[in-house]
Amino acid sequence: QDKIDPKMVQYQDSPKDGNKCSTCVNFEAPSSCKIVAGKISPNGWCIAYAPMEDKKG
């Protein structure tokens with residue numbers, strides 16, 4: 001499946017409201033994303049941001 005152009009999801013290289021790629025379920029370290037194309041910063045953000053579940057339970 002083709003990944004989405006970063007412009008389509010309003011990708012930015014900086015966090016938004018404390019949310020960032022490194023805490024998103026779609027982020028794949030060190031610098032890629034399951035759904036957004038291209039090099040992705042761990043400190044970036046886009047409208048597809050989905051926070052990881054807190055594992056502390």
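Just so it is clear, glycine is given a Cβ too, placed from its N, Cα and C backbone atoms.
Here is what Swiss-Prot records for this protein:
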- Cys21, Cys24, Cys33, Cys46: [4Fe-4S] cluster binding site (BINDING)
Practice task
Might you list, by sequence position, any residue in that chain lying six or more from Cys21 ([4Fe-4S] cluster binding site) with a Cβ less than 8 Å away from its Cβ?
Solution key: Phe27, Cys33, Ile40, Ser41, Pro42, Asn43, Gly44, Trp45, Cys46, Tyr49
Fill in the blank from the handout: Cβ atoms other than its own within 10 Å of the Cβ of Cys24 ([4Fe-4S] cluster binding site), all chains, total 23
